[in-house]
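Reviewing the structure listed below.
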Amino acid sequence: MKHLPVQDKQVFNAIKDERKRQQTKIELIASENFVTEAVMEAQGSVLTNKYAEGYPGKRYYGGCEHVDVVEDIARDRAKEIFGAEHVNVQPHSGAQANMAVYFTILEHGDTVLGMNLSHGGHLTHGSPVNFSGVQYNFVEYGVDKDTQYIDYEDVREKALAHKPKLIVAGASAYPRTIDFKKFREIADEVGAYFMVDMAHIAGLVAAGLHPNPVPYADFVTTTTHKTLRGPRGGMILCREEFGKKIDKSIFPGIQGGPLMHVIAAKAVSFGEVLEDDFKTYAQNVISNAKSLAESLNKEGIQLVSGGTDNHLVLVDLRSLGLTGKVAEHVLDEIGITSNKNAIPYDPEKPFVTSGIRLGTAAVTSRGFDGDALEEVGAIIGLALKHHEDEAKLEEARQRVSALTEKFPLYKELGY
């Protein structure tokens, strides 16, 4: 950076401090990742200056011939990655992508079947504090109390009983593979639309390491960050028959001008996904999550469902006598960033919780391998089991520092 340090030292210093935080801490928030320098360059380009309401070839502003090229590249690459018939890359977020699907096919008060937030769902899947739960009549399904896997028979029974217009699959804190074929069969049985929110697993789907929902779902939404390792944003994939309605729901329905600099960054990240080494990255994300899970098990720490099939691990802290709120703070103090998270049938309040959620997408981008994740699990065990012992916590800090120094981040940024 050449101009920002001179123009606005306050903002520059905050950015520099965040750069330092990312370098010196271990990032285990499952919804975060580290984009490449190329993605950051695209997002910081002159495209931030351009208004482009509408879609390629049908804009409400002149001078869009070059941003049209960029948006077409993003759409075509997404189609190639996921085998989708129609793609909209304009949603500013995953939440807005979900909203657009709802606005396309639902009326106020329609019944929708979605996953309980405390069982691993998402706010936009019917939480009463979210527009989705206010606007529509959401019925919740969840996981089996014993296995902590999605209870597909419960999904079917509720679908038959409530006859939803839409069934939503996908989660923000579910560590197991989702059977989209079963969901499709249930949706067909009751005549419902089927939508999948694959925000957390999109990168794993892209690499062929998780079943692809596109052949089964009428609509698939996702964020473009998380395991997909792009800029923060959203995307919708759907059958061609719904394409025009989806596009209208985004613009002019719920958004104005698209963020063309972000769409450029999406295009670049999609290009990276199409490269051969992305599959290796995604394989490492999963193997690292399994290494972390095994290490935590060795520490005697209980995991929801006993382990993981994807990029995240959900920790049940009750046997340690800790809440998620306390554990998040303890780990942050030693240099590990995580988030408190509800577990299925959680007795604690949402701002307290009985669990923490850990993910390996970001540390894998940084170069952490299985041995490093085994060490991370051991450090977490040390800190949580001795959270009131300052000597043990200092040992944990030193071990975190050794790992972050071994795997540097953004070495060429220059600030």
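In case you wondered, yes, glycine gets a Cβ from its N, Cα and C as well.
According to Swiss-Prot, the protein carries these features:
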- Leu117, Gly121, His122, Leu123, Glu241: (6S)-5,6,7,8-tetrahydrofolate binding site (BINDING)
- His225: site 'Plays an important role in substrate specificity' (SITE)
- Lys226: N6-(pyridoxal phosphate)lysine (MOD_RES)
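Known features from Swiss-Prot, placed on the structure.
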{"residue": "Leu117", "record": "(6S)-5,6,7,8-tetrahydrofolate binding site", "DSSP class": "helix"}
{"residue": "His122", "record": "(6S)-5,6,7,8-tetrahydrofolate binding site", "DSSP class": "coil"}
{"residue": "His225", "record": "site 'Plays an important role in substrate specificity'", "DSSP class": "coil"}
{"residue": "Glu241", "record": "(6S)-5,6,7,8-tetrahydrofolate binding site", "DSSP class": "helix"}
**Integer Cα-Cα distance in angstrom, Leu117 ((6S)-5,6,7,8-tetrahydrofolate binding site) to Lys226 (N6-(pyridoxal phosphate)lysine)** = 19
**Request:** For His225 (site 'Plays an important role in substrate specificity'), just count the other CB atoms lying within 10 A of its CB, please.
**Result:** 26
**Complete:** Note: among binding-site residues Leu117, Leu123, least Cβ-dense neighbourhood at 10 Å is Leu123
**Prompt:** Distance between Gly121 ((6S)-5,6,7,8-tetrahydrofolate binding site) and Lys226 (N6-(pyridoxal phosphate)lysine) at the Cα atoms, whole Å?
**Reply:** 16
**Item:** Separation of alpha carbons, His225 (site 'Plays an important role in substrate specificity') and Leu123 ((6S)-5,6,7,8-tetrahydrofolate binding site) (Å)
**Value:** 18
**Message:** Can you tell me the CA-to-CA distance separating Lys226 (N6-(pyridoxal phosphate)lysine) and His122 ((6S)-5,6,7,8-tetrahydrofolate binding site), as a whole number of Å?
**Reply:** 15
**Prompt:** How far apart, in Å, are the two Cα atoms that lie farthest from each other among Leu117, Gly121, His122, Leu123, Glu241, the residues recorded as binding (6S)-5,6,7,8-tetrahydrofolate?
**Reply:** 31
**Prompt:** How many Å separate the Cα atoms of His122 ((6S)-5,6,7,8-tetrahydrofolate binding site) and His225 (site 'Plays an important role in substrate specificity')?
**Reply:** 16
**Message:** Cα-Cα, whole number of Å: His225 (site 'Plays an important role in substrate specificity') versus Glu241 ((6S)-5,6,7,8-tetrahydrofolate binding site)?
**Reply:** 27
**Fill in**
Counting Cβ atoms within 10 Å of each Cβ, the densest environment among the recorded positions His122, Lys226 belongs to Lys226
**Message:** Using Cβ atoms only, which residues of the same chain lie under 8 Å from Glu241 ((6S)-5,6,7,8-tetrahydrofolate binding site) while being at least 6 residues apart in sequence?
**Reply:** none
